[in-house]
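One structure below.
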Amino acid sequence: SHFIRQFEDGRGSYTGNFVLKRTHSISSARQQCLGISIGYRTHQFNHIANNELSEKFSAGFNHFYYTILDTIMFMFIWTTALLFNVLSMYTRIAHSIESDFCIPHRLDHPNSAKYNFVSSEEEAQVAIFKINAFKQEFVLSLHPDTNFLAPAFFDQSDVSSQNTGASSDLSRCFYSGVVNSDRDSYAAVSLCKGIQGAFWYKGWEYFINPVQNDTASEHTGNAERPHFLRRRSNAHDSGNSTSRCGVDSGLNQDVLQSLEKYKHMHGHFNGNVTETVLKTLGRSKRFASIPRYVEALIVADESMEKFHGDDLKHYLLTLMSVAAKLYKHPSILNSINIVVVKFMVISEADKGPKVSGNAAMTLRNFCTWQKKLNKNNDKHPEYWDTAILFTKQDLCGASTCDTLGMADVGTMCDSKRSCSVIEDDGLPSAFTTAHELGHVFNMPHDNVKACEEVFGKMKDNHMMSPTLIQIDRTNPWSACSAAIITDFLDSGHGDCLLDQPQKLLALPEVLPGTSYSLSRQCELAFGEGSKPCPYMQSCTKLWCTGKARGQLVCQTRHFPWADGTSCGDNMVCVRGICTNKQDATKDKVDGRWGKWGAFGPCSRTCGGGVELAKRECNNPVPANGGKYCQGVRVKYRSCNLNACSDAGKSFREEQCEAFNGFSLNTNRLTPSVTWVPKYSGVSAKDKCKLICRANGTGYFYVLAPKVVDGTPCSPDSSAVCVQGKCIKAGCDGKLGSDKKFNKCGVCGGDNRSCKKVSGLFTKPLHGYNFVVMLPVGASNVDIRQRGYKGMVSDDNYLAVKNSQGKYLLNGNYVVSAVERDIIVRGSLLRYSGTTTATETLQAARPLLEALTVEVLSVGKMTPPRIRYSFYLAKENKEDKLLKKEGRAHSQNSVLAEADKMELKKASYRRPALKWTVASWDECSVTCGSGLQRRLVQCLDLDGQAASDCDAAQRPNAMRPCGDPCPMWDVGEWSPCSKTCGKGFKRRVLRCVTQTGLLLPRDHCIGKRKPQELDFCKLPPC
């Protein structure tokens, strides 16, 4: 039962071997029906008609004429059957088939029984049929459908003279539509020989054929004609849509934070979150579109050389040319230039990286191998930013061998990991290459939930779809991909791409279809001997012959004919459409910026906010490979500079406190956790993330991917955060301002109004020792404790107290080894920790509270060497006079004016200063020899810190303390418990004071406890 026919397709011929199974009885037909199957593989799509399938789906008829109409019907159902499987891209052949007979009734003609299914005189514009089967009623609403046929189809084939039951114009035969008005259903049938085809409804696939032995009905055209209906459940769909890309669809933290930014951007612009809203993150050249040059190494392994031979280099450069054009498309919202700087062929496997079916291991091996070959200097003409390995080896992922490519995510400019591996499957490998490079640029798959949350559900026809089915060539990059690559580059991760290549390999400028015929495209995709299938629609999906289970099949990679492939006289394919040659080579159009939009709302109501304006690259949009716009795309300015009311907290503190009680579902933190800003140890690129520390712990987290615009980058910097990036600002809060604080913390002041206070401390006593008082307004504080003879651990440690005498650093003999930030009423002191040879304590901005610096000296009592300095604003003479004048009035309000002036002068010459003391701290030990300390300060009559008190009158800041410690009082041993042999003895232990006062035994914990029970040995019994 083999039918062999020669098909002429204008380019030669091939022999199609379609295997069909005949059945000779109705009863046997109940077990079989005509096989129409769709076997998906993530990178291969087969249409199979063979012995095995025909046994499952064979149609029952005694006299079967295999005509050209039947062939076209196969093609029609093959094409439309794609729509039956939209919900599951990985359909398997079902083994459970049900069958029934039916007689369709046409409803759109009043006397339907006397009509042919399709009139020979005029094409019906609508056809409605009712079918009763499987105890259900199906109403098929159909309309003509010829989209799957190529315009020149009938000029390339002969119509069989045996086709006696239908018009020779086969285009009128084919219809598609819905079932029972269900928009999720689909039907695709031919009406020229009864109803032949299939429909999908409510999770079931139905296959319908007329009973071919009913010759009377066939030739009379009676619509009431028996049909054979088979169905199978769609419940067998596996649903495990293994990605053709080997990259996990999970998201790394950087991608999640990049996407999170766009959730908060709706308010900054008046437009929606599309085009340039994705471009609002800046780098060293903030908010600018800058040309990037991806210098690539191309490597082909031994299998590639064997397959492609002398054409290998031209072939791979053609792939790179297509990939480069995809990155030139304006939908990526950046100027990306792919250039090849080096091409290598590994002729002997042992001289290159180990390539195997394990995609992940091959990638690791290749990354390590290429790193050893790369130059160390980015300026070298043969330095590459990324490396790409091409192989014919069938790559396998974690669970399947459907993988066509693999790369690490977000590794561009990382010389150790910026690489990818591509399984060559013909010219569509250019799209795989672009896809894997997208991962290197940090792009996730479009189907990840985070993308959908920000940009809505996206179609699966963009470059970063996990399975490349058919790319939208007019808009190949999704909004999510454009957002991620923009943030990735603007965050500084693509700085290695800023240098223009000095030496590059020229990529082919001609369209790939010009170099590779349709037959060669099939061979590249499916191997030697593969030919184009007949009756393909020009330029759409490339269908090629191949073998499956020993039978000839048609198969596709879901990609169109290569651009430039001939599709008629003076016609070529471009983006899947047959186009005039002249239109295919349009001139490049470079993009230009449109007008600036209006500024958006201010980010803060006080304290210095930011408002943004944008422009788009749409005047015109770049086209035909033209350049993307270059230059600034977002501008910003300061707003609401009025000071906020003093709440004693910084703006960043308030943002951290907003998360109080948010314990991140971790057992490390309590539900009552409070959050404070973390500054120390934060890298420059992370200063505009909201990084907060759980107060009282060492745990810190990124609670938001960016702080509110206008937040200072750090307490000791004038720069402010704009869309997650640190932007220069003046001390007046204005973006771009050059105003700076002087040494004593006055904005815009000169240093002539500042005075420096400095000193040296070298002679401590055991315990805490006063070093210096830092008064309110002290600025540019710099305190350094150099370790004795350069030692890291010299047992001297800086300590800090606030004005209430509470230790803020290294108090109560507990020392911090790591660096710390000390926040005091919005001021920041940075502490280096004790693990360095020079211990430092520094503050750039004026202190808003007086602090006392001490040194804790313990252990060997090696002499410390502490140098301190800070700046204070000088009081001008007028201020001093006014201050003393107020005091004079308070002392004697009836003095004459002259007396007042004299008093003021005298008061000015001899300021009233005095030592003040705080209460004693608790003793440093609970018993034994300890020390007590208290705060001693020199203050003027206004309570302000001063430094001119008489040192000889300075009260003691320290005194001995401590009561004697308790001890064990040991009694005499008792007699042995035995009179002979081995026994035991005991004695009484008591915990007592030095005066013999009895104490509970736990008061002596920590003291070595004497033995209370012991064995005794007497002569044997």
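Yeah, the Cβs are placed from backbone N, Cα and C, and that goes for glycine too.
Noted in TrEMBL for the protein shown:
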ACT_SITE  Glu436  active site
BINDING   Cys245, His435, His439, His445  Zn(2+) binding site
BINDING   Glu295, Asp378, Asp499  Ca(2+) 2 binding site
BINDING   Glu295, Asp378, Asp385, Cys496, Asp499  Ca(2+) 1 binding site
DISULFID  Cys367-Cys419  disulfide bond
DISULFID  Cys396-Cys401  disulfide bond
DISULFID  Cys413-Cys496  disulfide bond
DISULFID  Cys451-Cys480  disulfide bond
DISULFID  Cys522-Cys544  disulfide bond
DISULFID  Cys533-Cys554  disulfide bond
DISULFID  Cys539-Cys573  disulfide bond
DISULFID  Cys567-Cys578  disulfide bond
DISULFID  Cys602-Cys639  disulfide bond
DISULFID  Cys606-Cys644  disulfide bond
DISULFID  Cys617-Cys629  disulfide bond
DOMAIN    292-501  domain 'Peptidase M12B'
TRANSMEM  64-87  transmembrane segment
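Where TrEMBL records a feature, it is marked here on the structure.
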residue: Cys367; record: disulfide bond; DSSP class: helix
residue: Cys396; record: disulfide bond; DSSP class: strand
residue: Glu436; record: active site; DSSP class: helix
residue: Cys480; record: disulfide bond; DSSP class: helix
residue: Cys496; record: Ca(2+) 1 binding site; DSSP class: helix
residue: Cys544; record: disulfide bond; DSSP class: strand
residue: Cys554; record: disulfide bond; DSSP class: strand
residue: Cys573; record: disulfide bond; DSSP class: strand
residue: Cys606; record: disulfide bond; DSSP class: coil
residue: Cys644; record: disulfide bond; DSSP class: coil
Taking the recorded Ca(2+) 2 site as Glu295, Asp378, Asp499, identify the other residues of that chain whose CB atom sits within 8 Å of the mean position of the site's CB atoms, giving them in sequence order. Tyr293, Lys379, Tyr383, Asp385, Cys496, Leu497, Leu498, Pro501
Look up Cys522 (disulfide bond) in the DSSP assignment and reduce it to helix, strand or coil. helix
Nearest to Glu295 (Ca(2+) 2 binding site) by Cα distance: which of the recorded positions Asp385, Cys396, Cys401, Cys480, Cys522 is it? Asp385
Between Cys396, Cys639, Cys644, which of the disulfide-bonded residues has its C-beta surrounded by the fewest other C-beta atoms within 10 Å? Cys644
Work out how many Å separate Cys617 (disulfide bond) and Asp499 (Ca(2+) 2 binding site) at their Cα atoms, rounded off. 23
Tell me, by DSSP, whether Cys419 (disulfide bond) is helix, strand or coil? strand
Relative to the Cα of Cys533 (disulfide bond), which of the binding-site residues Cys245, His439, His445, Cys496, Asp499 has the closest Cα? Cys245
Which whole-number value in Å describes the distance between the Cα atoms of Cys554 (disulfide bond) and Cys245 (Zn(2+) binding site)? 24
For the C-alpha pair, I'd like the distance in angstrom between Cys522 (disulfide bond) and Cys539 (disulfide bond), rounded off. 13
Under a three-state reduction of DSSP output, how is Cys451 (disulfide bond) classified: helix, strand, or coil? helix
To which of the recorded positions Asp378, Asp385, Glu436, Asp499 does the lowest count of other Cβ atoms within 10 Å belong? Asp499
Would you mind checking how many other C-beta atoms are within 10 angstroms of the C-beta on Cys617 (disulfide bond)? 26
Residue from His439, Cys480, Cys606 whose C-alpha is spatially nearest that of Asp499 (Ca(2+) 2 binding site), among the recorded positions: His439
When distances run from the Cα of Cys573 (disulfide bond) to each of the recorded positions Cys245, His435, Glu436, the nearest one: His435
